[in-house]
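Asker: Not my notes, these are from TrEMBL:
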BINDING   B:Asp39, B:Asp84, B:Asp238  Mg(2+) 3 binding site
BINDING   B:Asp39, B:Ser53, B:Asp84  Mg(2+) 4 binding site
BINDING   B:Ser54, B:Asp132  Mg(2+) 1 binding site
BINDING   B:Asp62, B:Glu291  substrate binding site
BINDING   B:Asp84  Mg(2+) 2 binding site
BINDING   B:Tyr114, B:Gly131, B:Asp132, B:Arg158, B:Thr240  ATP binding site
DOMAIN    B:37-150  domain 'PurM-like N-terminal'
DOMAIN    B:163-325  domain 'PurM-like C-terminal'
Number of protein chains: 2
Amino acid sequence: MGKESFRTIQSLGRDELIDELMEHNALSSDLVVKGYGDDSTVLNHQKGYQLLSSESFMEGVDFDLTYVPLHHLGYKIATAAVSDIYAMNGSPELVLVNLSVPNKISVDMLKEIYRGIGAAGKDYEFQIGGGDLTASHQTLGISISCYGEVAQDKIIYRKGAHEGDAVCVTGDLGGAAAGLRILMREKRFWEEQDQQQAFQPDLTDYEYVVRRQLVPVARKDFIEKIADLNILPTSMIDLTQGLASELQHLAEASEMGVYFYQAALPISLDTRRVADEMKEDVDKYALYGGEDFELMFTLPEEQVEGLADEFSDFTVIGQVTDKEEGIRMQKAEGEVVVFDGSGQQL
Amino acid sequence: MGKESFRTIQSLGRDELIDELMEHNALSSDLVVKGYGDDSTVLNHQKGYQLLSSESFMEGVDFDLTYVPLHHLGYKIATAAVSDIYAMNGSPELVLVNLSVPNKISVDMLKEIYRGIGAAGKDYEFQIGGGDLTASHQTLGISISCYGEVAQDKIIYRKGAHEGDAVCVTGDLGGAAAGLRILMREKRFWEEQDQQQAFQPDLTDYEYVVRRQLVPVARKDFIEKIADLNILPTSMIDLTQGLASELQHLAEASEMGVYFYQAALPISLDTRRVADEMKEDVDKYALYGGEDFELMFTLPEEQVEGLADEFSDFTVIGQVTDKEEGIRMQKAEGEVVVFDGSGQQL
């Protein structure tokens, strides 16, 4: 992008800017009476429970503009917000986007972020409802609040796991952490060069893990599948943080313990290959990595087979136990380790 | 506060921190099925329209920690968010708080912010429903999303003003801008000293305007009064930005013009005194200052007296005209000025 095409935020009026950004809002529905352009977003919703979730991403902490394309950033924060709605077995309906924008960000850069949010809106079927824009001195900040809905008899909380239930996770774990390792390594290489060129690393060999980091996907497919099959997990949570701390959250809310198997953790070959290259323990990626946005859920043992017949992309990693037993992991060699309250291995 | 009492955010687990912060959540209601501690906040709401509003404040842009006490900051951003709900004639029910927190902020400082939000929650009758905490390298950022409700036959949009309606504003204008001028001047004085002492200016003479800046109040009282009187303004908007640009928003949404009188602008003596001291034009504070969080509304002429009999804290500043006439202000000396689309005086 040449300098001549850098349209500053100030060059547009605020309202004109919002109009341009909202071009990426693909959907409309009867739910939304007034999406933006008034003091509040107005919804007309007469049934079930309403769900609200909220995510904040801050430049330099949650993302690095060196290697995060802006439309991916928009897609990813939307994924993070809707993932929390899916984790309650709900459907996202609408997001509000709050941006804190420094001068280095142009109108077209903001539009890239909205393009990503709009693409997520198509995939996850939500509208963009409004939000706020504020200036920032140095760093870009994004918050998304997501509004969703769920029938009262279909909601799934973190609490509700019963002793003996199978503990399951969708997809595979640790990929996002592996992708981040690769991107950080490539950035370090680039910083050691003279940086005359833009950051354009060849990531062909790492495509899977880099995608897991940059454009993670929330598990709408799983929520739709269990609705079709009329299967209702007893508890559910999304894996925003690593498995270890989310296990803690689920067990605590359910007042239960969990016994799980290191060897059962679903980890892709691509993720294993990165850990080998980095000379790191791949289980650490899965246990502490986070940002995979997979779902963890508990299900009575007798229902596992029925689900597996229709949906293959999940793994049983262990079972729910008595609370007194805490969170324990049986290592591949047979040794059992205990996780303490903070999700750290003892 | 001594250094020994600086509890870092890292010294607490995330969950423990949220528990401490949520001690400031004073209310609970049947609406909120699950307030926080799960993936989403769960609401059970069966009637009327739902309203969502969102506000972001960024350190160094929207507030300056030199002179903004943290509990005031919490109160003010909550005021900004609920003001948008009142501007639709709704009642706030719940807020989600997203914080981006640098290392310089301690646990107890965060608790001060929540104390302010909690105090606003008591005044405006909302609960704190959850949100997100993320790290930040340098600057503190706060976003609040507010969820509210309004009966379908009571909602008031920006659109709806009719030709001939009176244009009214609650309270007085420009006070928040005057307060900001004073605080910035005192900070400049302090910076020119050796800064050995904490910033402790004597603001006794400027108490009213400084309060307007630091702890503005959203007009719940007005919303309750018009409900009692069964008066329904034809359009309404809150004065987050200055009067000039909010007039533009209201007129545009209603496809109308507005003719108003400079001499009618309600400006307090304290605000005038600050403008005199600063050798500035006090009308600029009122027209462009913003952050007063007063309400502007339009009402059929024949209903104005009935409202005035029961509620004294509002002023008629002009009337709604045909769209072609635009936004025009008659100056005290009789001259008429036109405002263009960006809210600037021509």
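Placed from the backbone N, Cα and C atoms, the Cβ positions cover glycine too.
Are these features on the surface or tucked inside, and what are their neighbours?
Answerer: Annotation for B:Asp84 (Mg(2+) 3 binding site): spatial neighbours B:Leu51, B:Ser53, B:Glu55, B:Cys146, B:Asp238, B:Thr240, criterion Cβ-Cβ under 8 Å with sequence separation of six or more.
The Cβ of B:Asp132 (Mg(2+) 1 binding site) lies under 8 Å from the Cβ of B:Leu96, B:Asn98, B:Leu99, each of which sits 6+ residues away along the same chain.
Look at B:Asp62 (substrate binding site): DSSP puts it in coil.
Residue counts for the domain 'PurM-like N-terminal' (B:37-150) under DSSP (helix as H, G, I; strand as E, B; rest coil) come to 35 helix, 47 strand, 32 coil.
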Asker: Minimum Cβ neighbour count within 10 Å among the binding-site residues B:Ser53, B:Ser54, B:Thr240: which residue?
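Answerer: Per-residue Cβ counts within 10 Å for the binding-site residues B:Ser53, B:Ser54, B:Thr240 bottom out at B:Thr240.
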Asker: What is the Cβ neighbour count of B:Glu291 (substrate binding site) at a 10 Å cut-off, with all protein chains included?
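Answerer: Around B:Glu291 (substrate binding site), other Cβ atoms within 10 Å: 22.
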Asker: Name, in the order they occur in the sequence, the residues of the same chain whose CB lies under 8 A from the CB of B:Arg158 (ATP binding site) and which sit 6 or more residues away.
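Answerer: In sequence order, B:Ser235, B:Met236, B:Ile237, B:His249, B:Leu250, B:Ala253, B:Ser254 meet the Cβ cut-off.
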Asker: If you measure from the Cα of B:Ser54 (Mg(2+) 1 binding site), which of the binding-site residues B:Asp39, B:Asp62, B:Tyr114, B:Gly131, B:Glu291 is the nearest?
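Answerer: That would be B:Gly131, nearest by Cα distance.
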Asker: For B:Asp62 (substrate binding site), which residues of its chain lie six or more apart in sequence with Cβ-Cβ distance below 8 Å?
Answerer: B:Ser56
